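**Q** Dropping the structure in here first, questions after.
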Ligand code: SF4
């Protein structure tokens, strides 16, 4: 099987497994979904007949495999059922929150890239020199900082103390700058470590030496030899940290009352709103797999040796 | 023939204190091939790196290395940016050791070749890269240059490097053990191609046998000094070290090679007297105190002149 197809197939297999596990949560729940939905839709005391009718409507009177198949096909179409908390379709709940989270994530990724470059590049000229040691110290400190702590400090001193930014964030681009910082710092430091390693390997390689001997300037070698080589390990790690980003988003969004998916997840867990939790977890898995798939595809596009093995 | 490269009293100390070169004098004439022989650590690669200013930061270089281009003299020791731009890839061509390591695996061979122009902010004329490739014996250049290094054999890829080094018709080509990664048969042809393509060739080579076929002259380095130079060194070594080096090389019909006794000296310490003295069977008492000077091509008082 060609490599891109193989990658896609394995991603789908992971997704199917994750889907089965997520669906399985429903079996473990002591709550009767039909009754719960009627309650959420404003019926304070649903009559047993009504509950039975809803249960039939939801297909909960069918066999488990059948239920799973129905749930899965609906999920693929983006239908995750009805929220037990609000009685609204889960998809609508998510759609309302998704843009804010995407904004926050993109700004955080941008910051993290900036942090990674800022920490990785200055030390390259003289490994072990002052700039390198300083940057490595920052990398170490940065990756040790918990998202939560940075968030609290920012909130306390920058927002409340200095009056910059808003305590209640509104989900806009400009509002994303501050909450994105705690998300970006740790990831950026981790990326810097990988980027620095990749760049040092590439710039120390004999082919970079050849380029120097042919008269190529420092920046030219960095841009044309160094960065493409560092890209492969960097992309791999960046994609892996997509998972961490999701977890961090839950913390940051709650802290900054950011109207995104992460906060919705926490709220839904608190409220025992299983369908929403299921949808968010699956969304996270999809995002993670998509990021990895993208990274692998890009890596293969950069490296002819990998292209060949297809 | 005009001297194109004049090295005088060249000394290099690496940041860790290693004295890689300790006062080297060498001349290279136009059209000549001078081979630098010696064990690893003798300083021969360092010599090439000084000329191209590729030493690690913090290395100390003294003495002089002048590239003489038709009356214009360029000092390579402590060269400024402008001089470096004229030297690297311009007056000085460079061919590295392992052709595959010296090629960026993410670049096509053609891109490497064209980089010889682009690195110097020029644009290769249409077909110029293919022409260069064919000049060093790469057939079907158009199609082959589109391939990547891992699809090429070592010998052919080294030819591509030779082509790249020679793009701007360098006055001196510096080759750092260009055949050490190739098998013997390929090594000979590759050296021949290199020799034919270069105007003057400074060839670093640890294997004296390969040297004999292409080099007009050989300089043997030991512990950062030239201990012997001459045209006939591989066949008729005179210096005790060179003799040991030749005896250490496996030759068919000569029985087992004799291993060089002892180890190379620690170059981080100040050396007095002949650096080879601890390993030399002929050492006199004075050898440990007095620096032997290069006289009649050999730096050793016991060699008959
Ligand atoms: S100078 Fe003395 S120690 Fe050195 S090679 Fe000659 S004889 Fe041996």
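For all residues, glycine too, the Cβ spot is worked out from N, Cα and C.
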**Q** Given A:49-76, A:133-160, which one carries TrEMBL's transmembrane segment label?
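**A** In TrEMBL, the transmembrane segment feature sits at A:133-160.
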**Q** Select from A:25-45, A:172-192 the stretch of residues annotated by TrEMBL as transmembrane segment.
**A** A:172-192
**Q** Please identify the stretch among A:133-160, A:172-192, A:230-256 with the greatest number of Cβ pairs below 8 Å relative to the transmembrane segment (A:100-121).
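**A** That would be A:172-192.
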**Q** Other than its close neighbours in sequence, what residues sit by the transmembrane segment (A:230-256), given a CB gap under 8 Å and a spacing of at least six beyond its ends?
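**A** Non-local partners: 101, 104-105, 108-109, 116, 147-148, 151-152, 155, 167, 169, 178-179, 182-183, 186-187, 190-191, 194-195, 197-199, 201-202, 262-263, 265-266, 284, 287-288, 291-292, 294-296, 298-299, 302-303.
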**Q** Do any residues, 6 or more residues outside the transmembrane segment (A:133-160), come within under 8 Å Cβ-to-Cβ of it, and if so which ones?
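**A** Same-chain contacts beyond the flanks: 115, 119-120, 122-123, 166-167, 178-179, 181-183, 185-186, 188-190, 192-193, 196, 248, 251-252, 255-256.
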